[in-house]
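Peer 1: One structure, pasted below without further comment.
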Amino acid sequence: MDSSELYHVKQQFILGAYKTLVDLTLPDPSSPEYTPLLVYKARSHIALNDTQAVVQIVPADTENVALKAVAALARYVGATAAADKDAALEELRDLCVEIDSDDVEADEREKGYVRVLAGTAFARAGEVEEALETLGVSTNTENLEAVAIVVQVYLSINRPDLARKEFDRAKRWAEDDLLLQLIEASIGLVTGKDAYNDCNSFYTEQLGNPSLSSSHLLTARGVTRLLKGEVPAAKSDFEEAVSQQGGTPDAETLANMTVAAGLGTSKLAEAEQLWSQLASQHPEYPMVADVTAKEALFDELATKFVVPPLAVASA
Amino acid sequence: MSVMLTKFESKSNRVKVTGLAFHPTQPLLAASLHNGSVQLWNYRMGVLVDRFEEHEGPVRGVAIHPSRALLVTGGDDYKIKVWDIRPQNRRCLFTLHGHLDYVRTVQFHHEMPWILSASDDQTIRIWNSTSRNCIAILTGHSHYVMSAQFHPKEDLVVSASQDQTVRVWDISGLRKNTPNSAPGTFDTFDNFSTVKYVLEGHDRGVNYATFHPTLPLIVSAADDRQIKIWRMSETKAWEVDSCRGHFNNVSTALFHPKHELIVSCGEDKTVRVWDLTKRSAVQTFRRENDRFWVLAAHPELNLFAAGHDSGLIVFKLERERPAFAMHGDTVYYVRDKYVRAYDINTGSDIGLLSVRKFGSPYVPPRTLSYNPAERAVVLTISSDNGLFELTPLPKDAVGEVKDSSVDGKRGSGHSAIFVARNRFAVLNKTSQLIEVRDLSNSVVKTIKPPVQTNEIFYGGTASLILSSTSSVVLYDIQQQKNIAEITTPPVKYAIWSADGSLVALLSKHTITIANKNFSQHTLIHETIRIKSGAWDDSGVFIYSTLNHIKYCLAQGDHGVICTLDNPVYLTRVKGKTVHCLDRSARPRTITIDPTEYRFKLALLRNNHEEMLYIIRTSNLLGQSIIAYLQQKGFPEIALHFVQDKNTRFDLAIECGNLDVALETARAIDRPECWERLAQQALKQGAHKTVEKAYQQTKNFDRLSFLYLATGSIDKLSKMQKIADARGDPMSRFHNALYAGDVQGRISVLRDVGMYPLAYLTAKTNGLEDLAAEILEAAGLTEADVDDIPSYGTSTLKPPPVVTATTDLNWPSLSAGESFFDRALANGNLENGGEPSYVNGFDSAGVAASAALDDWARDEEVHEDLEAEEGAWDLDADGEEVQPGVEQEEELPEVEADLGAGAAPGVSEVELWVRNSPFAADHAAAGSFETAMQLLSRQFGVVNFALLKPYFLSTYRSSHAYLSTLPTLPPLQLHLRRNPSESSPSRVLPITVRTLQSVRSELSEGFRAVSGAKLPEAQAVFRSVLRTLLLVPVSSDNEAKEWRDLVTLTREYLLGVTLEIERRRVAQDEPDNVRRSLELAAYFTHCQLQPPHLQIALRSAIGVFAKANNHATAARFARRLLELNPDPKIVAQARQRIAAGDRNPRNAVDITYDEFTEFEICAASFTPIYKGSPTVRCPYTNAAFLPEFNGKLEPLTQLTEIGAPSSGLPAPRS
């Protein structure tokens, strides 16, 4: 059983309250909780794309594999040059090998962190097989975070069937963990089983959770509402999320607001405005990249059709 | 066995209670005591209402009249007494003498003025309470008659006697004949009343016998420890069965007035409940020391009273509180062991599930928890040491209602509630364990609660509220720890507000209102038992006690809304309507006046508009609200309620509203008012008001001083004159002094004979002449006063006026100018007052705007939505869904072991492309290539550049993004058209553009046409036609609508283009009148809607008339008339027709033959008469001259004219 603080931190981390976590005060380095809390804090920084902060809080000379892994992940995410990225990935690969040997000084939990962090990096790099292997798919390591990433990977390659299988396996040992519910919800998001009611209820429930608040949950609930076809309700969730984010929406909220704005209305000006805001502020966001690619595709395809001259009266 | 639900208990100090009677309507109970006293208790409030003490010796029989305020008692003094029990008239009305031994029981007849009595003298007597005579004596029993009861409907009496018999007597003779009322002629009575049946079977004396309220049954209780049930027919009566179980004399046995139960009590110190049909014991309530002597049932309610050796108890057999839960506007509740759903809007009330086989058949379920996500209920029952049962409710309640035993899942537990969509928690009170179970009823988690827990409630997400004997704990299930704890008496019910931000925790006599993490809470005490509660939509908690409906605001203010005759269980409060369940679990509504609490709420939230609205629309007046406002520190608001001028004045002074104070002071016109006003006004510096007040009270001195202070010289001189007139020299002197009027001062001094002072004043002010005059008047000369030292010139004078304060009234206290003043002065609020009436949650702010927009839109588009949805029903074809599901389940079987080497699956967008023949769906899937091919094939589209924004926005709005895990790329989620359709062979993308959104765009175009903004209109129509290419249709109706829209838009586009061309011609080639006329004429042949066609015609009329083509103009005018235009336009048209008749010629010859049908070539703008060759636009079907074949269509600029096309594909069905 985790201590209350670690439990809380995990809960907030799972539910996307990264902003709260980066302000976390760490306990004394000798505390048994120190490493896990530091890992979560660092991961929150990474989640917010603030990889520089990780360098500052994780001691460079650490011998701890988990901390080394988190630093490597930060370098991977923060790197722009391909060579740097590869170096970070290599480092993670080495760490994975290291934890499999018997002589490393790390407890199971820390090993688990290494796998999860390495798996995250591999999945991000599109190395599906490597990610799955690292995360120990089909083996019985009871690491729910790893399961979550595996499920996500499966979902991203359109294999909800395998995702569900993995989830069902985890259900046997993971009791009623919050993360397990999140996994179930994300499967629901992709498959649309049960008309999206399950994932919608999950986020609605978590919104009522008295011990934390996170605008991510509002955005997520909004997305489930979008999926359920409740566009106005979704919009109001996004609006509220924006107001919780202090008026400047994050990429995710903005992206989904753009989606919602374009639905069912004839006034596209709002959608276009949101879109240009998203495209200029978050050019890295997958939706921007995707739509931009589609734009180029369109232009290319459109040229394949020969456009005859306009019919005009010769007189 | 279960605990008796005691409602009230009274001790009478070792004096046994031998007779009991309930009042039929009021919560009153009469008890006759062995010490000669008769007590009248209010059992609800627990107070002794009255006491009647005239009998000597024990009083055994007591009864209350079914409709009048009368009480009858019979005692060991052989007397029967009738009492008036109204508090103001309480007394013994009369005494009936006649019995020769103890009177055992007495009873009023339900409609005749008869009293029935049974006595140890072996007789039963019937008395007329009007004539106060005995009208019948029933003889035949050979021992004490222990009881006698009228039949509830028929003319029968049943009696029980120590002679071991029960007898039924026929008294119908009493009704038919007027009996001889002369005393002393008793022997004739036997003629009227005869023994009908003698029931033998008891082995000992019978203590009590009574009829069943509806069935032909009798129950008797005897010293042989048995209860016997007897049945009667017209001709005979026989013993049916016995109930054995009492191990001492049975004192009384009664039929339950509502249920098939018998209730009995005896000297074995027990009250027992029996099943009437099975004759088996159901429940036993034991008492330590007291033997029971008498039992009475309330005629209407589930309420019993039993008298024992040392007092009495009032009790219920079962909880009346129905198990219920609210979801939205539906109450799910249990009545007669059926789970029912009651919709409070429509009033529909349907049975969904039988729970007859759940727990003991005699015990109703205790609680119900509803899960909307799964549409399931979990019920608990207190029998069998606590059971719970989880059952799904049927989707639609058609046909037979199932019993929960079919697919219910059970277990033992005291309290069970849903804590999440797929979890419920069960409390086992004895083992003190809380189990969290999933929907298959397997335990997923076991919690040891941190406190002794008696009850659990939902505590918000992943939390429970645990109720212990001295506190409630908010407990986090996941984390297994206390979040917060509040000390309160044992909490029995928890009710969450609609938005989940507040919870009301009800105990027996307290309500705790807490926020969702228990960090803030208020406690409210009640003296009367609290029964239930519900949240009003505005955030006020409405609750019911035994006899009131009350409200309570979150900060703790509470008050009575209305009184109740009987307790109710509130389920929902909506505006003025309180929805509740009554004691028999029937839905009821009570209309309340929410004004008072709404007002208080508005006051707390500073919502002045609503307050004003309430003030205007309700008669919320009276001392209480004024006192409330004053006490809460809002005298200025209270002011607006008050009519009474004295109170108004007080309030106005208190809040410093001088205008109102002045006005009311005038009306009251009493000196003390003016004085108080003056004081208040002086404080505020409102000197004009002060002046007025001083004037009113004739306070001249102060007035003068005020004028001095304000520097009002004029007024001071007036004051001098007034003082003069009043003949008050002191005042004159003052005023003269204040005004700096030396002459005046001297003249006052002279007038009062103070010559020395006058002289000196004159002298020191350099008025030598005057001084001499004074001397003379005093009969003196200079020489007489030469001993007076000479003073310098006096410098005494009033201070100069720096600021002309006198003309300036100081600004009055700003509080005076409140919202209310403005509103009341204007007679209204800016926007008309009433519509601004809002009483929502404060937090609604942001979220509300989008929701409101949507609402407004909903109104407009309602019908279309229906049509669309209707069409979707066609798709919900069960058969085809099946294979899809199977397919999905098969997949893992085959590939489950692939593990890490998983190959990517089929993405949703590929399914979309596969499933749809519409370009829109392909575009949404991002498959632009196939989308273009489709458009090209279906509609001959070639110029795609124009469609780029439409493609991209469609694609963009079909995919949402959500990252569920940190640092990983977000999941791309695909928005489906029908969220409840997940089978891969049927999923389709969401409809980004709908026909209805296109229609609203089209109407924008119409507006532009009406406003003559032609280029705008042209752009809109073009955009509509482009958008329509990306609108998928899902039914034949929609397909038809789609085609109609295309055609309609094309006509408008053509018309607008013609008119643009005409205007260009008119401007660029002013000489080309002929072309201009032609174009105007063609414009009138576009198929426009009447209002727009009128525009086209009027424009044509104008152009033609100007060109002196009166004949054609007149024809246009005739066409115009057919459209029934405005009277004004009619007049103009008639003028044109007249002009055409006068002058039926055309000055300019044009190519226009209106009598032959023609189409207009959209490129050359020339007519193509019927039968001539044409080529067409493959999309809009616009006509063109053959020479334009293969060119780009000019209207939409999308298609190749004359290209082959397949048209709109058939919608999938």
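Yeah, the Cβs are placed from backbone N, Cα and C, and that goes for glycine too.
These came from TrEMBL, pasted as-is:
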type   : residues   : note
DOMAIN : B:337-582  : domain 'COPA/B second beta-propeller'
DOMAIN : B:623-765  : domain 'COPA/B TPR'
DOMAIN : B:857-1208 : domain 'Coatomer alpha subunit C-terminal'
REPEAT : B:10-51    : repeat 'WD'
REPEAT : B:52-86    : repeat 'WD'
REPEAT : B:96-137   : repeat 'WD'
REPEAT : B:138-172  : repeat 'WD'
REPEAT : B:199-240  : repeat 'WD'
REPEAT : B:243-284  : repeat 'WD'
Peer 1: Determine which residues of the chain contact the repeat 'WD' (B:243-284) at the Cβ level, with the cut-off under 8 Å and only residues 6 or more beyond its ends counted.
Peer 2: 1-2, 4, 204, 207-208, 210-213, 217, 219-223, 225-229, 290-300, 302, 304, 306, 308, 315, 317, 360, 362
Peer 1: Determine which residues of the chain contact the repeat 'WD' (B:138-172) at the Cβ level, with the cut-off under 8 Å and only residues 6 or more beyond its ends counted.
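Peer 2: Sequence-distant neighbours of the repeat 'WD' (B:138-172): 101-102, 104-105, 107, 109-110, 114, 116-120, 122-126, 190, 192-200, 202-211, 213, 218, 220-222, 228, 230, 232, 237.
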Peer 1: May I have the DSSP-based helix, strand and coil counts for the residues of the repeat 'WD' (B:138-172)?
Peer 2: 1 helix, 20 strand, 14 coil
Peer 1: Restricting to the same chain and to residues at least six past its boundaries, which positions have a Cβ under 8 Å from a Cβ of the repeat 'WD' (B:96-137)?
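Peer 2: The answer is 19, 58, 60-66, 70, 72-76, 78-82, 143-150, 152, 157, 159, 161, 169, 171, 174-175, 179, 181, 183, 186, 189-190, 192-193.
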Peer 1: Checking distant contacts: for the repeat 'WD' (B:199-240), what same-chain residues at least six beyond its ends satisfy Cβ-Cβ under 8 A?
Peer 2: 143-144, 146-147, 149, 151-152, 156, 158-168, 246-255, 257, 262, 264, 266, 268, 274, 276, 279
Peer 1: Per DSSP, what is the residue tally for the repeat 'WD' (B:10-51) in helix, strand and coil?
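Peer 2: Split by secondary structure, the repeat 'WD' (B:10-51) comes out as 0 helix, 24 strand, 18 coil.
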Peer 1: Take the repeat 'WD' (B:199-240) and count its residues per DSSP category (helix H/G/I, strand E/B, coil), listing them in that order.
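Peer 2: Result for the repeat 'WD' (B:199-240), in helix, strand, coil order: 0 helix, 25 strand, 17 coil.
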Peer 1: Using DSSP, tally how many residues of the repeat 'WD' (B:52-86) sit in helix, strand and coil.
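Peer 2: Across the repeat 'WD' (B:52-86), the residues distribute as 0 helix, 18 strand, 17 coil.
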Peer 1: Across the repeat 'WD' (B:10-51), what does the mean pLDDT come to, as a whole number?
Peer 2: 85
